[in-house]
């Protein structure tokens, strides 16, 4: 039973969509929009259908860059995966149905318990983001305002037009899981751009005192984030490791027989 629980947590649909988001955005930054859209379709159909809101900005910008290739890639991948999903559903349910469509209908169009989600105010998601990412989350929020001032080419183009709206849209959504890796990307972009905020835009080789101080802030920010993150990890291990500690001592007991559950 315990093994089944761990397998379940390892295959959560939101986690699968998060991995797909990381790969899709990475492909987009590598200027492979067609592949990015294909991976996005995989994340939505095989993973979590509701994550489509997280993939939409990237998909639209990919279509804007290479419409034909991105459209064909997304359409072929979506049709193939939906057909496969319907065949698998028919094999198990003995009738033609779509689990993806049923999930959306149940939770969005009525009849489900979707009213249980998204009932908290905006401050809840901000607290949740800070609880999981500490100072990294604050830097990710600053990304939206700092990016237009960045002078590095790698932060321009798709990074500006795709990531900013996506992050903003998801921070005002219900679930943040699919964009967790992108929060770290945004924070790292802000840390990298510290010097751009103070350097003379007409002098790319400006090494004034304030620029040197900005460079010093990079390791300081990283140190704060790492310390806070490790503290949270150690706190979780110390406060919620009781089930694992119990299993460590089971090897010192005889095998439990029928009806001995209470004694264990």
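Placed from the backbone N, Cα and C atoms, the Cβ positions cover glycine too.
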Annotated stretch (transmembrane segment, per TrEMBL) among the listed ranges 110-128, 129-147, 148-166: 129-147
Winner by Cβ pairs under 8 Å against the transmembrane segment (35-58), considering only 70-88, 129-147, 209-228: 70-88
